[in-house]
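These notes are about the structure you will find just below.
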Amino acid sequence: MATNFLVHEKIWFDKFKYDDAERKFYEQMNGPVAGSSRQENGASVILRDIARARENIQKSLAGSAGPGASSGPSGDHSELVTRIASLEVENQSLRGVVQDLQQAVSKLEARLSALEKSSPAHRATTPQTQHVSPMRQVEPPSRKAATATEDDEDDDIDLFGSDEEEDKEAARLREERLRQYAEKKAKKPALVAKSSILLDVKPWDDETDMAQLEACVRSVQLDGLVWGSSKLVPVGYGIRKLQIQCVVECRWGRPLERSHQVEEHVQSVDIAAFNKI
């Protein structure tokens with residue numbers, strides 16, 4: 001009962017909360033104003049810098065136009081005159097250098113012509129060296145006489161004499177060597193060239209039995225003929241041709257043209273490829 005009277009008392013216990021909220025509100029309201037003031041201060045600094053730069057530009061323009069502006073076109077004319085004078089001086093110096101070079105070249109040409117004229121006379125005045133042959137040993141007369149007699153004795157001998165016994169022996173040796181050569185050549189096997197041929201065997205029509213056709217082709221047996229692999233290649237309209245490989249010795253022509261066993265099945269035989277082995 002002692003605390004019930006406080007219910008009827010009108011006291012604001014949460015006033016500090018509202019005070020804090022009001023303070024924060026006014027702080028937020030005043031915040032942008034301070035930022036804008038700082039922005040205005042920065043803008044004023046930039047404007048001052050721009051004004052200072054303009055003043056410097058105007059001063060520099062005034063300084064460059066001060067002494068030169070009074071001269072005007074006469075200053076430019078004087079500068080051109082000085083440049084032309086310097087170019088003329090340089091031209092004169094270059095002409096002098098060119099003249100010196102021309103004189104040096106003319107002197108060199110004169111010297112070369114003089115050397116060319118004097119070169120034959122110089123060659124004529126040079127002493128000619130005599131060619132001295134090497135010394136030869138002189139043999140004594142006794143040795144010369146001995147060699148002369150020996151040469152006469154050698155001349156008496158007939159190296160190409162026709163002795164019957166020597167002729168028979170030479171003929172026998174020649175015949176023996178020819179016989180040995182013939183035997184050696186006969187023992188050596190003769191090399192026979194071989195060729196690899198790819199044949200195109202075409203049937204009469206699409207009803208031809210290709211297996212029987214291939215059997216007929218392989219039935220052809222000749223010396224030096226070896227049949228290889230084969231395959232069927234379509235030609236058109238249901239007709240197929242037989243491609244067969246064979247190795248033959250180069251002693252006869254087409255093997256199938258000589259055979260009459262395959263005429264019932266084979267229309268034609270063509271050589272598709274030919275290679276030497």
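Just so you know, glycine gets a Cβ as well, placed from its N, Cα and C.
Swiss-Prot has this to say about the protein:
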- 149-168: compositional bias 'Acidic residues' (COMPBIAS)
- A2: N-acetylalanine (MOD_RES)
- S60: phosphoserine (MOD_RES)
- S86: phosphoserine (MOD_RES)
- S106: phosphoserine (MOD_RES)
- K107: N6-acetyllysine (MOD_RES)
- K117: N6-succinyllysine (MOD_RES)
- K117: N6-acetyllysine (MOD_RES)
- S119: phosphoserine (MOD_RES)
- T129: phosphothreonine (MOD_RES)
- S133: phosphoserine (MOD_RES)
- T147: phosphothreonine (MOD_RES)
- S162: phosphoserine (MOD_RES)
- 113-171: region 'Disordered' (REGION)
Other CB atoms, at most 10 A from the CB of S119 (phosphoserine)
10
Distance from K107 (N6-acetyllysine) back to K117 (N6-succinyllysine), taken between C-alpha atoms, in Å:
15
One finds that other Cβ atoms within 10 Å of the Cβ of the residue listed as 'N6-succinyllysine' number exactly 9
The modified residues listed are S60, S86, S119; by CA-CA distance, the one closest to S106 (phosphoserine) is S119
List the Cα distance (Å, whole number) between S119 (phosphoserine) and S60 (phosphoserine).
78
Taking just the CA atoms, what is the gap between S60 (phosphoserine) and S86 (phosphoserine) in Å?
31
I need the CA-to-CA distance for S86 (phosphoserine) versus K107 (N6-acetyllysine), whole Å please.
32
Long-range Cβ environment of K107 (N6-acetyllysine), under 8 Å and at least 6 residues apart
none
